[in-house]
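Student: Handing you this structure, nothing more for now.
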Amino acid sequence: MLGFLTLTFNSFAQQNTLPKKINFDEDWRFSLGNASNPSKDFNYKIANIFSKSGKADSTAIDGKFDDSKWRKLAVPHDWAVELPFAKSANADVMAHGYKPIGGLFPETSIGWYRKHFSVSKADSGQRFQIQFDGVFRDAEFWVNGFYLGNNKSGYLGASYDLTDYLNFGKDNVIVVRADASQSEGWFYEGAGIYRHVWLKQKSNSHIADNGVFVHAEVNKNQANVTIETTVENKNLNEDELQVYSYVADRNGKKLNKSTSTAIKLAVNESTVVKQSIALNDVKLWDLDNPYLYKVVSLIMSKGKVVDSVITRYGFRTILMDAEKGFFLNGKHLKIQGTNNHQDHAGLGSALPDAIQYYRIGLLKAFGANAYRTSHNAATPELLEACDSLGMLVLNEQRLLNSSPEYIEQFERLIKRDRNHPSIFLWSIGNEEGMIQKTSVGKRIAQTLLAKQVELDPYRTSTYAADLATEFNGVNEVIPVRGFNYRQFAFGDYHKEHPKQPLIGTEMGSTVTTRGIYVKDSIAGYVPDQDITAPWWASKAETWWKLAAENPYWMGGFIWTGFDYRGEPTPYEWPNINSHFGVMDVCGFPKNIYYYYQSWFTDQDVLHLSPHWNWKGKEGKAIDVWVNTNADNVELFLNGKSLGKKVMPRNSHLQWSVIYKPGTLSAIAYKNGKKLTAKVETTAEAYKIIATPNKTIVMADGQDAVVVNISVVDRRGRTVPTDNHLIHFIPIGDGKIIGVGNGDPSSHEADKFLNGDWQRSLFNGHAQVIIQAGKTNGKIGLAVTADGLEPAQVEVTAK
Ligand code: GAL
């Protein structure tokens, strides 16, 4: 019988044993290339590099190429967000947020990256692998002049074995050429190595990439865990191995283990070892207590562990019922989801992991419980944040296509992600207008669905259809019918197809600009109230009332949780951003946030809008909105009652108020509990306030802190209408990596590579993101603006 090894989550990486997963984000060199002029593309396509193995002469692929003049940087890096905006009449450029990326911009659409590294002579004999979590896009990879391969997808990563090409004890160079001149989506996508890079060192006999599949049968608090481990032998001779697995709680305490399986693998042979472990008294993974166990898979040779993989795993059950909706662990749960793209203010697509956690935290705060990765594979850290914080995930394939390229992408997506407890449903595609109603679409869907069942029989799939009651095509075969908009059609569809569970894959698409109350088609702003929706879309209240009140709706996903770059709707230039978000690109709430929070949570919500700074509007009527989940509300202007109203469920209240400066206040009662709220006319901005989202950051060169900037008047009241230009100087060993303000028409820079960081406030708010260095101490910001008292913010890096 095998004894337990003492293992902590990272112990393999810390010891000098295998496997090792080394972060490879630092010390890259970067240069733009050129898609139409090979001599400006470092002779790529001039030299005949494919005529001989390892031939790279006179190109940037050559190990000896001098890259000392290239810019030094760390990835994740998105070069698109660094470029100025380019006004263009081209629809694709507009959809991508007016950054000069694509076929019309050959000078800014190719990026080259090089990284020198060394490997110790003592490690020769091991296997080395480079793993890119995401490069946008169509990336070619070389090491020491040897071609490794091409990865078309801008969203699924790629791994390559480097072992045969390495110079042990000498210089090695990885070269990446990313070609972003063809887009994949119709939204901002970024460009470059915008996710992490890893160097993996393994034994020749090892667990395959994404080679552990954990699934469990959960019955009350008992779980039967099955672990399928794919083991492969890359030695030049046969190998005899022992495989076993165990489950530990989140603190690493071992709970139970499998028996050990002996295997004999021929050269290049791989096999799947299936083992099971029974557990009693398991804590279930749910949204409030997302408990994660560790499933540890080990392979041993001659009594020594030669490889191991730790999988964070949560036990939960999911059920989708066509009449009653969705159940998590046997409890009914309405899906209150958001769709999101991956960019954030100031950062483009290259987000530190901490920002993934920040964003999921903000979504949870207004009651969102599910996240759709529209319309592509997310970064692994986003899924880890959802596992850790308790957020369900609808995980989506980029394209409804069953060609080898796309079926392989779907396979990579499922194998990469199927152990995440947060994922409750796959999506095989979105709004494929050319085929969704045809027999071709149906056949493609059937092929993808068969692949999903083969790789993950424990979940099912949906497809996001922009169709009303249409059934022919994809909808005939899809297990869970997804609706993009067309909320009015759920009822009839349900009557016609009473056995198909229904979910709103995209709902709302209400457009609002934070802090704006007057429509401005020149600047491209729409009022910050639930009143404007494009023809296909709806107000928040329209869809949510239906979803909340009809049990056969599993719920729905708002389009979107956050604003994102690209898709400026309903206006074009100067708009460069969408404004579909419940929050803006920084995560500052819009008024619609309080509508959703009222009905998504049982928190006490009482929120008044607009602000009360309306100089020049004295004597004129202003529409006042109240968002609350109280039973009734009484509104007052300067202490005088404007009447009391009963609060209809899943709705809001409105008053028309003749403007007078002062205080607009409300008193509400919720189950007998008194709630109060007010908005006040403020004086001019006097002082800057800088608020970090945490007080301690890790001094690991990766962690990040979000600093939100606002201004107050002399009486300390936040001024919601101020647009001062603010300057930022970093303090200590931290660097600013992006600035934003949520203005969907701002053409201010998000990055200041010269170090002179600045950003205007937009309706009283801006945001700065600081990344920690590696030294312990204080890091922060000095924040100044002409005519305002400055602010200073410091947090501890350790
Ligand atoms: C949908 C589409 C989304 C987004 C949205 C805007 O049709 O699937 O990606 O474009 O509309 O309302």
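The chain as shown is numbered from 1 upward.
Glycine is no exception: its Cβ is also placed from the backbone N, Cα and C atoms.
Sharing the feature lines straight out of TrEMBL:
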DOMAIN    72-201  domain 'Glycosyl hydrolases family 2 sugar binding'
DOMAIN    206-316  domain 'Glycoside hydrolase family 2 immunoglobulin-like beta-sandwich'
DOMAIN    324-399  domain 'Glycoside hydrolase family 2 catalytic'
DOMAIN    404-516  domain 'Glycoside hydrolase family 2 catalytic'
DOMAIN    619-675  domain 'DUF4982'
DOMAIN    690-794  domain 'Glycoside hydrolase family 2'
Student: So, do the domain 'Glycoside hydrolase family 2 immunoglobulin-like beta-sandwich' (206-316) and the domain 'Glycoside hydrolase family 2' (690-794) meet, by the test of 3 or more Cβ pairs under 8 Å (sequence gap 6 or more)?
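Tutor: Contact between the domain 'Glycoside hydrolase family 2' (690-794) and the domain 'Glycoside hydrolase family 2 immunoglobulin-like beta-sandwich' (206-316): absent, because fewer than 3 Cβ pairs are under 8 Å.
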Student: Per DSSP, what is the residue count of the domain 'Glycosyl hydrolases family 2 sugar binding' (72-201) in each of helix, strand and coil?
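Tutor: Counts, helix then strand then coil: 17 helix, 54 strand, 59 coil.
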Student: Would you mind splitting the domain 'Glycoside hydrolase family 2 catalytic' (324-399) into helix, strand and coil residue counts from DSSP?
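Tutor: Secondary-structure composition of the domain 'Glycoside hydrolase family 2 catalytic' (324-399): 23 helix, 21 strand, 32 coil.
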Student: Mind pulling out the one from 324-399, 404-516, 690-794 with the most Cβ pairs under 8 angstroms to the domain 'Glycosyl hydrolases family 2 sugar binding' (72-201)?
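Tutor: Per the Cβ count, the answer is 324-399.
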Student: DSSP helix, strand and coil counts for the domain 'DUF4982' (619-675)?
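Tutor: Reading the DSSP string over the domain 'DUF4982' (619-675) gives 0 helix, 38 strand, 19 coil.
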